[in-house]
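Presented below is the structure to which this report refers.
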Amino acid sequence: DGYRNTNQVSDDYRYQDGNYDAHNDGYYRGRDEPVQEEDAQSDVTEGHDEDDEVYEGEYQGIPHPDDIKEKQKKRAPAVDDEYRDRADLMAERMEDEEQLAHQYENIIEECGHGRFQWTLFFVLGLALMADGVEVFVVGFVLPSAEKDMCLSSSNKGMLGLIVYLGMMVGAVLLGGLADKLGRKQCLIISLAINAAFAFLSSFVQGYGFFLFCRLISGLGIGGTLPIVFAYFSEFLSREKRGEHLSWLCMFWMIGGIYASAMAWSIIPHYGWGFSMGTKYHFHSWRVFVLVCALPCIASLVALKFMPESPRFLLEIGKHDEAWMILKQVHDTNMRAKGEPERVFTVSYIKTPKQVDEFIEIQSSTGTWYQRWLVRITTTLKQVWDNVLYCLTAQYRMNTLMLAVVWFTMALSYYGLIVWFPDMIRYLQDEAYESRVKIFDEEEVSHFTFNFTLENQIHRNGEYRNDKFIGMKFKEVRFEDSLFEDCYFEDVRSSETFFENCTVISTVFYNTDPGCSCCCEHKFINCRLINSTFMKEKEGCHIDFEEDNDFLIYLVSFLGSLSVLPGNIISALLMDKIGRIKMIGGSMLISAVCCFFLFFGNSESAMIGWQCLFCGASIAAWNALDVITVELYPTDKRATAFGILNGLCKFGAILGNSIFSSFVGITKVVPILLASSALVGGGLLALRLPETREQVLM
């Protein structure tokens, strides 16, 4: 019986007029036998694979041809990989990545979209919110900080641009590291740097140290944008990706609203602070800086409970860790849907061939800093190789076109959002100056001033034996005037100057115009004869609330809120009309909005056009984020996004510098520059490849 031929075997197991069926357990039964219940079938078939089907020759001990090939493959790589050309290894890796991309898409679809993705959505949303807050912080604190730290015009300009400079470097550096060290790890590093230095910047007193803290804080937050979008996209299926990445963009808007609301409610309350002696002052604007670090801290804490991207882990060959995370995603979503009995059916996931080599020095070799130096230099070299890879023939055109679109969008958008408040402030100043009161050749003696003088010019006046006690000067100018035997005590001033004046036998006690740091630029070409400065105030001091503070906060608040309709529309239509049409259409509509700025000759008109411009342009930003994620493979995704976002911040620096220089001179140049940049970028965007039907490579 042990030597029966094949015909005998096949006769025993042959089909007879369709009355026998092959079952998954390897036995054949008649059709009239009762069918097993579904649960019993799943128990029987669990762990069974179609590739393990019994083939006829196996009964005779004849190996299957596929088994022979597999054994040959297992023997060959151990020897051949050392001698194979790198191009061959890369070609094999590319083939593996393509298989993985399609398999991973099916796995994500099996895991479903549910509680896990929504939890990650809010955690990463807080990180994106921190990025939005960072853009607005310096602009809101600048008017108060310039008085608190005696900033010159050049210092103010540098403080406004230093954050963008840090964000530009951070986007490239941390984005590149995220492709080598992992999404979660690099995002934690990024948020930790931002939180630490933002917190520190609220306490430092000197301008140089404050500038350094904001630079490093910007460097940290610069890495969040490329990492957040790469991280979240790798948990989304193709059908959900465009929509939910667009919903995620709303947190940037929420960050702007949060910063505006906090500035509005905290900064004007100058009493919300404390002083330690005469040299350390913690004013309300520092409280605002502290509060703005809260979204970053909250995201940092919540991120500790989130897993690494399984797509990244598969890319570096960590199959088991990736499988466990995907099972966690599946089980979390199924439990939330009330289907905890659903089994995660994936048993094996394709991992790409590992080509990169990481040089590791043994603990017994060299010193600790030599080992770390090798690790750091090797990692940075791999990051640089990734940067160069984005400019290879396969991706060069897409990278260059995206770079132009990102740059033109940033130049116009960031330039205009700085130009709008400056123009509104300029219109306010013009209206304020038109109401100035001029006093010529007045003579005042033995009089006590204990009230506020505002928006006045005093020319050729004489003030003898007068007292200025506990009063405020706001926008007051004394020209060619005489002060003799006068007494100034507890006087605060804002934009007040003494020009070509003679000050004789006058005492300044605890007074702004008499403090050492203000004396030089407040007394212009003045003669001070036998005058005394007593109990000088240390440093410059915040005076009192400007009337236009409220409007500036309101403008930023409305500008941030106005993008809400654009966010909703872009999220709902992103997967229907595609990324390319969204970018092109949004940029062209924004360019049209720019032309109408020629008719904005009032504060209300400027606010209205700003809201319209921000609402129209946000769809292009969202679509740019989505298409940048989808155009590049997993091991280059965060690097490419970081490069393009770094270029975006460079465009923001140029836009801020160029547009602000034309405030009060002409509106033509900023409007034409923004419009032409948007039209050029929008038309070029139409030549990019559409990615909405594409799986993540």
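Keep in mind that glycine also has a Cβ here, set from the backbone N, Cα and C atoms.
Straight from TrEMBL, the features:
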- 1-82: region 'Disordered' (REGION)
- 1-10: compositional bias 'Polar residues' (COMPBIAS)
- 11-34: compositional bias 'Basic and acidic residues' (COMPBIAS)
- 120-145: transmembrane segment (TRANSMEM)
- 120-692: domain 'Major facilitator superfamily (MFS) profile' (DOMAIN)
- 157-178: transmembrane segment (TRANSMEM)
- 185-203: transmembrane segment (TRANSMEM)
- 209-233: transmembrane segment (TRANSMEM)
- 245-267: transmembrane segment (TRANSMEM)
- 287-306: transmembrane segment (TRANSMEM)
- 400-420: transmembrane segment (TRANSMEM)
- 550-573: transmembrane segment (TRANSMEM)
- 580-600: transmembrane segment (TRANSMEM)
- 606-627: transmembrane segment (TRANSMEM)
- 639-662: transmembrane segment (TRANSMEM)
- 668-688: transmembrane segment (TRANSMEM)
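Residues 139, 160, 164, 555, 559, 583, 587, 590, 594, 606-607, 610, 613-614, 617, 620-621, 624, 627-628, 631, 643-645, 647-652, 654-656, 658-660, 662-663, 670, 673-675, 677-678, 680-681, 684-685, 687-688 of the same chain, all 6+ positions outside the transmembrane segment (400-420), place their C-beta atoms under 8 angstroms from a C-beta of that stretch. The transmembrane segment (120-145) and the transmembrane segment (639-662) are not in contact, since fewer than 3 Cβ pairs between them lie under 8 Å (pairs 6 or more apart in sequence). Within its own chain, the transmembrane segment (287-306) is flanked in space by residues 119-120, 122-124, 126-127, 129-130, 133-134, 137, 140-141, 184, 187-188, 191-192, 194-195, 198-199, 201-202, 221, 255, 258-259, 262-263, 266-267, 272-273, which lie at least six positions past its ends and keep a Cβ under 8 Å from the stretch. Highest Cβ pair count under 8 Å relative to the transmembrane segment (550-573), across stretches 157-178, 245-267, 639-662, 668-688: 245-267. Taking Cβ pairs closer than 8 Å, the transmembrane segment (639-662) reaches residues 157, 160-161, 164-165, 167-169, 171-176, 178-179, 222-223, 225-226, 229-230, 383, 386-387, 389-390, 395, 399, 402-403, 406-416, 418-419, 422, 628-629, 631-632, 669-670, 673-674 in its own chain, all 6 or more past its ends. Through the fold, the transmembrane segment (668-688) approaches residues 398, 401-402, 404-405, 407-409, 411-412, 415-416, 419, 579-581, 583-588, 590-591, 594-595, 597-598, 617, 620, 627, 631, 658-659, 662 of its own chain, all at least 6 residues removed from its boundaries and within a Cβ separation under 8 Å. Under 8 Å from some Cβ of the transmembrane segment (245-267) lie the Cβ atoms of residues 121, 124-126, 128-133, 135-137, 140-141, 144, 228-229, 232-233, 236, 284-285, 287-288, 291-292, 295, 549-550, 553-554, 556-557, 559-561, 563-564, 567, 570-571, 574, 618, 621-623, 625-626, 629, all in the same chain and six or more residues away from its ends.
Remote same-chain partners of the transmembrane segment (157-178), defined as residues 6 or more beyond its termini with a Cβ less than 8 Å from a stretch Cβ, comprise 134-135, 137-139, 142, 145, 151, 186-187, 189-190, 207, 210-211, 214-223, 225-227, 230-231, 379, 383-384, 386-387, 414, 418, 638-639, 641-643, 645-650, 652-653, 656-657. In the predicted model, residues of the domain 'Major facilitator superfamily (MFS) profile' (120-692) average a pLDDT of 83.
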